[in-house]
Amino acid sequence: MVVEDTQKSVITEDQYPSRVVSDNNNDDDDDDLEEGEIPVDGEDSGATATTKPPAALARNPHPLENSWTFWFDNPSSKSKQAAWGSSIRPIYTFATVEEFWSIYNNIHHPSKLGLGADFHCFKHKIEPKWEDPICANGGKWTMTFPRGKSDTSWLYTLLAMIGEQFDHGDEICGAVVNVRSRQDKIAIWTKNASNEAAQVSIGKQWKEFLDYNDTIGFIFHEDAKKLDRGAKNKYVV
């Protein structure tokens with residue numbers, strides 16, 4: 001698989017910073033999360049994972065073509081009255097292969113996140129919101145997975161994006177994994193929804209990278225804003 005050729009081997013296990021987990025008595029602190037902290041659900045409902053790349057990773061870095069930012073939508077801070085996207089926070093921005101693996105190996109993967117969590121990875125300075133000017137005229141491809149079974153597909157999606165494996169990578173804004181009670185969803189957001197050739201190419205390549213056999217659909221953000229769940233797929237592959 002092409003995305004498995006990424007340079008993970010340049011980082012050895014002893015270079016990863018150890019995961020920092022807080023005590024379980026901090027359930028009320030989710031709204032005060034610092035940059036780099038992600039709450040988890042279940043027995044360790046008050047736990048957080050904090051990531052800061054060690055100084056050792058600054059040696060001989062392998063730069064990525066683009067810088068990327070992880071964002072987290074904290075389910076504990078959401079309310080029905082809050083505006084959509086108001087609880088999304090930037091977690092960490094990375095620009096090298098080493099920084100990516102340092103962060104990825106020290107944050108909770110989708111199967112460990114609480115219900116309702118949304119975890120994003122977007123190109124730096126693009127916010128994962130419909131209102132962002134770069135996203136405004138775009139749309140998204142979406143894949144679905146059984147609850148707790150999206151970890152590997154999420155990783156391969158990230159590797160394909162940051163490794164610039166897509167022929168129309170300039171069209172990609174980022175990706176998000178949504179953790180819900182019945183299923184997990186992974187979506188790739190793009191810039192120009194009306195560019196059918198580029199969107200179809202991205203959808204087909206994404207399925208190939210993940211060896212995903214089900215049909216996937218592309219929805220325009222504009223339709224999603226107007227129709228919510230009633231929005232129809234404009235493209236399918």
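Any Cβ shown, glycine's included, is placed from N, Cα and C.
Sequence annotations record features per position, and here Swiss-Prot assigns region 'Disordered' to 1-61. Residues annotated as compositional bias 'Acidic residues' in Swiss-Prot: 25-44. According to Swiss-Prot, the feature compositional bias 'Low complexity' maps to 47-58. Summarising the annotation, Swiss-Prot assigns region 'EIF4G-binding' to 62-65, 72-108, 156-165 and lists similarity to another entry as the type of evidence. According to Swiss-Prot, the mRNA binding site annotation covers 80-85, Lys112, 130-131, 180-185, 225-229. The disulfide bond feature in Swiss-Prot is assigned to Cys135-Cys173; the stated evidence is similarity to another entry.
Feature map: Swiss-Prot annotations on the structure.
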{"residue": "Lys112", "record": "mRNA binding site", "DSSP class": "helix"}
{"residue": "Cys135", "record": "disulfide bond", "DSSP class": "coil"}
{"residue": "Cys173", "record": "disulfide bond", "DSSP class": "strand"}
{"residue": "Arg180", "record": "mRNA binding site", "DSSP class": "coil"}
{"residue": "Lys225", "record": "mRNA binding site", "DSSP class": "helix"}
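Straight-line distance linking the Cα atoms of Lys225 (mRNA binding site) and Cys135 (disulfide bond), rounded to a whole number, equals 12 Å. Highest local Cβ density among the binding-site residues Lys112, Arg180, Lys225 belongs to Lys112, counted as other Cβ atoms within 10 Å over all protein chains shown.
Residue counts for the region 'EIF4G-binding' (156-165) under DSSP, split into helix (H, G, I), strand (E, B) and coil, are 7 helix, 0 strand, 3 coil.
Mapped onto DSSP classes, the region 'EIF4G-binding' (62-65) shows 0 helix, 3 strand, 1 coil. Across the region 'EIF4G-binding' (72-108), the prediction's mean pLDDT works out to 82. Of all the recorded positions listed here (Cys135, Cys173, Gln183), it is Gln183 whose C-beta has the fewest other C-beta atoms within 10 angstroms. If you take the Cα of Cys173 (disulfide bond) and the Cα of Lys112 (mRNA binding site), they are about 25 angstrom apart, rounded to a whole number.
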